[in-house]
Amino acid sequence: MVFRKPPDGGWGWVIVVVSFFTQFLCYGSPLAVGVLYLEWLDAFGEGKGKTAWVGSLANGIGLLASPVCSICVSSFGARPVAIFSGFMVAGGLMMSSFAPNIYFLYVSYGIVVGLGCGLLYTATVTITCQYFDKRRGLALGLISTGSSVGLFIYAALQRELVELYGLDGCLLIVGALSLNILACGSLMRPLESSSSPPPEKMCVDKVPDQYFVYHEKEKTVEENISILEKGYIDEKCVNSVPDCKQDNILNKNVLSSISVNEKDTYKKKVVEQTNFCKQLAKRKWQLYLTYWKETMVLFKNKVFSALFVAILLFDIGGFPPSLLMEDVARSANISEDDYYMPLISIIGIMTTVGKLILGILADFKWVNTLYLYVTTLLMTGVALFAIPFAKSYLTLAMLSGILGFLTGNWSIFPYVTTKTVGIEKLTHAYGILMFFAGLGNSLGPPIVGWFYDWTQEYDSAFYFSGFCVLLGGFLLLLAALPCWNACTNQSSKLPPNTYSYKVASNA
């Protein structure tokens with residue numbers, strides 16, 4: 001398949017629009033699941049930790065399955081995957097309206113919807129990168145705001161739908177809205193060259209012998225030779241019946257003289273096929289070993305190891321507020337008359353602002369992206385420590401806005417990864433980091449919910465969350481200090497392909 005040069009415009013802007021609405025429609029409900037979380041607590045009467053698994057799975061399973069999502073998009077294309085995933089998200093939401101217990105929601109909402117969102121995220125990013133080269137950063141920034149806008153709107157929308165139609169009606173309506181992903185996916189036209197000639201049929205004569213698969217290899221060589229003898233004799237008998245007996249005698253003599261050559265040829269081809277399979281298996285095994293060797297080399301980089309710990313701890317501690325902030329307000333006995341806007345909506349709109357502002361700051365040459373990222377982590381930890389002291393809607397709204405803005409550091413995370421491991425290792429390193437980010441998303445809310453179940457208050461839970469984020473930020477800061485570079489220069493030679501972050505360089 002031949003692809004044209006990315007047009008950096010034209011139909012690419014249609015791709016940006018439909019990708020924006022795709023992320024808006026698929027991530028709106030999972031990111032604003034805090035509104036549904038309150039309803040599930042009342043409907044099923046389970047503990048907060050057990051109920052929090054639903055939202056954490058929906059947001060974490062897509063990151064955990066990111067390698068599978070990438071393989072699906074590479075194998076089938078962005079448009080088929082987007083259409084199929086649209087059915088998954090819509091079907092999972094509608095199935096959740098009939099959930100008899102919390103365990104059913106783990107599958108319908110947590111796994112089905114979460115996996116569909118992961119597939120859609122990969123499809124939208126892939127198709128956008130195909131259509132844009134020089135303006136790729138702008139295009140990716142625009143489509144990434146779709147999820148944040150979805151969080152802002154769906155938080156208020158789901159709350160209103162629950163009041164009007166109940167929890168089941170809300171999920172049915174939100175699932176029906178998600179069917180619009182099918183229309184968006186149908187517009188994700190692959191970037192193929194229309195003038196490319198159709199692929200030529202492979203000529204059998206040009207195929208090497210070692211690529212033939214012998215379906216008769218279960219039989220012995222002598223059995224195959226006897227089948228050839230019988231077929232050859234039967235064909236001659238049909239063509240000339242009177243001379244059949246004479247031909248049989250001649251053919252037996254001829255076949256007996258060539259039987260040795262047939263055996264040798266067959267054995268030779270079977271040996272060649274066996275050697276080819278052995279070489280293929282050996283090559284795959286070498287690729288597998290190379291992957292793990294490169295992974296071990298990445299973890300020898302102090303900054304990358306600290307970054308891996310920081311992203312895991314950040315998602316364990318920093319993700320729960322977006323899911324549990326509504327329940328925090330209810331636990332603080334805040335009156336509904338003072339409730340001007342859902343706290344999750346504030347987090348969503350400020351996340352969009354944070355992504356844009358932090359992304360712009362990262363483009364300045366005098367800004368070091370690693371220090372900027374560490375600053376967001378430390379400030380997030382301090383904000384989490386302040387949540388137990390917030391007893392009014394105004395203070396909770398302010399903290400929600402601060403946390404939402406700082407959560408926008410996702411926009412500069414690829415910059416940090418690139419500066420840490422180099423552009424040639426970005427794909428490998430980013431996949432590892434996203435896996436652990438998904439693990440943190442999956443574990444964070446249940447851990448905070450279990451803290452509440454044990455203590456019957458959120459104070460210790462958010463102290464724990466703040467400690468996790470601060471610990472990750474301090475570890476990353478220590479790993480990035482200039483003294484590490486000095487120690488590295490005085491030490492012996494580093495292993496090949498090992499990278500160190502030069503904190504004095506401009507990001």
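Cβ coordinates come from backbone N, Cα and C, glycine included.
These figures come from a predicted structure and were not determined experimentally.
For reference, TrEMBL has these:
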TRANSMEM  12-40  transmembrane segment
TRANSMEM  52-73  transmembrane segment
TRANSMEM  80-98  transmembrane segment
TRANSMEM  104-125  transmembrane segment
TRANSMEM  137-157  transmembrane segment
TRANSMEM  169-188  transmembrane segment
TRANSMEM  303-319  transmembrane segment
TRANSMEM  339-358  transmembrane segment
TRANSMEM  370-390  transmembrane segment
TRANSMEM  396-417  transmembrane segment
TRANSMEM  429-452  transmembrane segment
TRANSMEM  464-484  transmembrane segment
Before we move on, state whether the transmembrane segment (339-358) and the transmembrane segment (137-157) share at least 3 Cβ pairs under 8 Å, counting only pairs 6 or more apart in sequence.
yes
Interface check, the transmembrane segment (429-452) with the transmembrane segment (370-390), three or more C-beta pairs under 8 A:
no
Could you tell me what the rest of the chain brings near the transmembrane segment (396-417), counting residues at least six beyond its ends with Cβ under 8 Å?
141, 144, 148, 307, 311, 318, 321-322, 325, 328-329, 332, 334, 341, 343-344, 346-359, 361-362, 369-370, 372-373, 376-377, 379-380, 383-384, 386-387, 390, 426, 429-430, 433, 507
Counting a contact as 3 or more Cβ pairs under 8 Å, with residues at least 6 apart in sequence, do the transmembrane segment (169-188) and the transmembrane segment (80-98) touch?
yes
As a test: from 80-98, 104-125, 303-319, 464-484, pick the stretch that has the greatest number of Cβ pairs under 8 Å with the transmembrane segment (137-157).
104-125
When each of 80-98, 104-125, 370-390 is checked against the transmembrane segment (12-40) for Cβ pairs under 8 Å, which one has the most?
104-125
Outside the transmembrane segment (80-98), six or more residues from its ends: residues with CB under 8 Å to it:
22, 25-26, 29, 72-73, 104-105, 108-109, 112-113, 115-117, 119-120, 122-124, 167-172, 174-176, 178-179, 181-182, 184-186, 188
